[in-house]
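According to TrEMBL, the protein carries these features:
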- 7-27: transmembrane segment (TRANSMEM)
- 47-69: transmembrane segment (TRANSMEM)
- 81-103: transmembrane segment (TRANSMEM)
- 140-159: transmembrane segment (TRANSMEM)
- 165-183: transmembrane segment (TRANSMEM)
- 225-243: transmembrane segment (TRANSMEM)
Amino acid sequence: MENRNIYGWSLAIVCFVVLMIVTPSIPQSQAYHDFADQRGFFGIPNTLNVISNFPFLVIGIVGLVLCYHGNYFKLNLQGELWGWSFFFIGVAAVAFGSSYYHLKPDDARLVWDRLPMTVAFTSIVAIFIIERIDERKGTVSIAPLVVAGIISILYWRFFDDLRPYALVQFVPCIAIPIMAILLPPMYTHSSYWLWAAGFYLLAKIEEAMDKPIYKWTHHIVSGHTLKHLCAAMVPVFLTLMLARRSIEPERKSLFEVWQVSWIRVKENWQKTERIDCNYSEISTTIEP
């Protein structure tokens, strides 16, 4: 088992090195800092892009408190408690880091915007490993994953290359929904993972459509402001999941559940079709 873990990590490192060799570097575009809504109110530059980070602070603090207050979330595994603590600390820190960045957007401040988000991303991956693959592996992976995320930020800042950061951000976006669908969950309400992934995808679309959305709304709200609000829904859904879930008595993946549901729908449709056919036959028979 230990040899298998070593082989797995070695393969991942080799793949990363090959990727870094065969792909060109991705510098940070300075146009990224040119947001659509640059209005200031009450002496606050870029006001809406700043204050729209407040929900992160609220949900981060609430989630962290509930992790420890009377064990409200019923986190029975030490790795779970550590993982979710890192996640909610990262979420709360996004409010400060992103607000600081949007007051005066530039590369130096962008570090503090991305750093807490990276902590949240990587801790979520570790949590998923704990819940879906192996408790021990997931617990052990918390620190390496968080450190890898921090290193990706530092690498970008010192070498102006976003490739490692892009991997840290986008690989979980692909891997987590796939694992949520295919791997049997330890707890109920696992569909909340997909709701969270959906809101994050919507947030990324709004981020890319910053200026068009600002134009479509007649300069009321920009895509980047909406991106903050949608991204904040990710920890909201995960907090609701933690509050409502319980141990899953029958560990079935969402894919298996959907298969069973589809079979039932087909059976009900076939029964309805037979009834309609029989009714038609009867109606035809009794006609004079």
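Here the Cβ of each residue, glycine as well, is placed from N, Cα and C on the backbone.
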Discussion item. Using a cut-off of under 8 Å between C-beta atoms, tell me which stretch among 7-27, 47-69, 81-103, 140-159 contacts the transmembrane segment (225-243) the most.
Written reply: 47-69
Worksheet, complete the sentence: Counting Cβ pairs closer than 8 Å to the transmembrane segment (140-159), the top stretch among 7-27, 47-69, 81-103 is 81-103
Worksheet entry | Proximity of the transmembrane segment (81-103) to the transmembrane segment (47-69), 3+ C-beta pairs under 8 angstroms | yes
